[in-house]
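Visitor: Once you've had a glance at the structure underneath, I'll fire off some questions.
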Ligand SMILES: Cc1cc2nc3c(=O)[nH]c(=O)nc-3n(C[C@H](O)[C@H](O)[C@H](O)COP(=O)(O)O)c2cc1C
C-alpha cells in the first residue's frame with residue numbers, strides 16, 4: 001500500500017526548528033512527507049535539513065520543476081496538510097486565498113484535511129485580524145490547534161507557543177484516521193472535565209480518588225482533532241496539557257464547579273469525565289492533624305459537595321446544550337447507570353465498571369453509553385480514545 005502523503009508546511013516563525021521533530025515522527029510512522037517551507041522559514045531552518053530529513057525535494061516557489069506543475073500537484077495528491085508553525089502572515093494568506101508561494105498554492109489546491117498549528121507572540125495571536133482569520137479557517141473546516149501558553153521568543157511568556165510536536169503529531173494521526181470527513185465539531189465549543197478532585201483535610205492530607213484523568217484527556221484530544229474549541233478542566237492529573245486545548249487547573253469539587261459553570265456558559269457540549277468527590281471534610285485544620293498517644297482519632301465529619309452534573313443538566317447554559325456524565329460503578333453497573341441517568345437529567349451517561357485494576361490509570365476502557373432517549377451504545381474493550389470518539393459521535397448527532 002502507498003504511504004499516506006503528508007505535506008508539512010513550515011512558515012517563518014522561531015518555532016520552525018520544532019517542525020523537524022514533527023517531520024521525524026511523521027516519517028518514522030510511515031508517512032511520505034513533502035516539506036513545503038516559506039521563504040521566511042528558510043531563515044530559521046535551511047532547505048538541506050528539510051530535504052535530508054524528508055527524503056524529498058524542497059522548494060518554496062512555484063517556479064521550480066515547473067514541468068511537474070508542483071503548485072497544483074502537491075496539494076492535489078496530499079492526504080493531509082499540516083502547517084506547523086503557522087505564522088500570523090500565513091494564516092492571513094490562507095484565510096484570504098492568497099497564492100504567492102508554493103505553500104499557499106498548495107493550501108488552495110488541497111482537498112484533504114488541513115491542520116494549522118499557529119505560533120506567534122501573544123499580541124499577534126490576540127489581534128482581531130488573526131482571530132478573524134482563525135475563525136474563517138475553522139468555519140471552512142480546517143483544524144486550527146490552539147497555541148500553548150508558555151515561554152515565547154526572548155523574555156516574553158504568554159499564549160502563542162507552538163504545542164509540543166508529539167501532541168501535534170497525535171492530532172495529525174487522528175485527523176488522518178478520520179479521512180476526508182468534515183471536522184464535525186468545527187465551530188463548536190466543548191467543555192471536558194478530567195481527573196479527580198481532592199478535598200483537603202489539613203495542609204498535607206486530602207480525601208481523593210483514583211481517577212487519572214486519561215479518559216478526559218482522550219476526550220479533549222479527540223474533540224480538538226474534530227475541530228472543536230476545547231476547554232479542559234483538569235483536577236489533579238499531573239498529565240501534560242494536550243495540544244490545542246485550553247486547560248484550567250482546579251483542585252477541589254467547589255473549584256471544579258466554578259470552572260465548569262464559567263466555561264459552560266457558551267459551550268455546545270459539556271462532558272463531565274472527572275471523578276468529583278461527593279463529600280468534603282466539614283473542617284479544614286490549618287496545621288497538620290497530629291497523632292495523639294493513647295487517644296482514638298477524631299472522626300471526620302463530611303459535608304455534601306454540590307452535584308455539578310445535576311445542576312448543569314437542570315439549568316442548561318444555552319438551548320440545545322448536550323450534557324454527558326460518567327458513572328463509575330463497581331456492581332449492578334447498568335441498573336445503577338440507568339437510575340443515575342434519570343436522577344441527573346443529562347443526555348448521555350457513560351457507564352463503566354471500575355475497580356482497583358480496572359479503568360483507573362489504564363490506557364484502555366470498556367463502557368456502555370446510555371442515552372436519555374433509551375438508547376444503549378456498547379463500546380468494546382479498547383483504547384480510551386475509541387470510547388472518546390464514540391462519545392463525540394453521539395454528541396454530534398444530538399447537536400444536529
Ligand atoms: C526572529 C523572528 C521570529 C519570528 N517569529 C514569528 C512567529 O513566531 N510567528 C509569526 O507569526 N511571525 C514571526 N515572525 C515574523 C514572520 O517571519 C514574518 O511575518 C514573515 O513575513 C512570515 O512569512 P511567512 O508567513 O511567509 O513564513 C518572526 C520574525 C523574526 C525575524
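For all residues, glycine too, the Cβ spot is worked out from N, Cα and C.
Automated prediction, rather than curation, is the source of TrEMBL annotations.
The CTP binding site annotation in TrEMBL covers 278, 288, 306, 307, 308, 309, 326, 340, 344. Annotated domain 'Flavoprotein' per TrEMBL: 5-170, in sequence order. Look at TrEMBL and you will find 185-396 tagged as domain 'DNA/pantothenate metabolism flavoprotein C-terminal'. Annotation source TrEMBL lists region 'Phosphopantothenoylcysteine decarboxylase' at 1-189. Under the heading region 'Phosphopantothenate--cysteine ligase', TrEMBL lists 190-400.
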Visitor: Measure from the Cβ of residue 278 (CTP binding site) and count the other Cβ atoms within 10 Å, all protein chains considered.
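Guide: For residue 278 (CTP binding site), the 10 Å Cβ neighbour count is 14.
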Visitor: On average, what pLDDT score does this prediction assign to the region 'Phosphopantothenate--cysteine ligase' (190-400)?
Guide: 92
Visitor: Enter the number of other CB atoms within 10 angstroms of the CB of residue 306 (CTP binding site).
Guide: 15
Visitor: Taking the residues 278, 288, 306, 307, 308, 309, 326, 340, 344, which the record names as binding CTP, find the longest CA to CA distance and state it in Å to the nearest whole number.
Guide: 37
Visitor: Tell me which residues of the chain lie with their Cβ under 8 angstroms from that of residue 326 (CTP binding site), as long as they are six or more apart in sequence?
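Guide: Listed in sequence order: 215, 272, 273, 275, 349, 350, 351, 352.
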Visitor: Specify the count of other C-beta atoms within 10 Å of the C-beta of residue 344 (CTP binding site).
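Guide: Cβ-Cβ neighbours of residue 344 (CTP binding site) within 10 Å number 22.
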Visitor: Quick one: what's DSSP say for residue 278 (CTP binding site), helix, strand or coil?
Guide: coil
Visitor: Have a look around residue 308 (CTP binding site) and count the other CB atoms within 10 A of its CB, chains all included.
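Guide: Counting Cβ neighbours of residue 308 (CTP binding site) within 10 Å gives 25.
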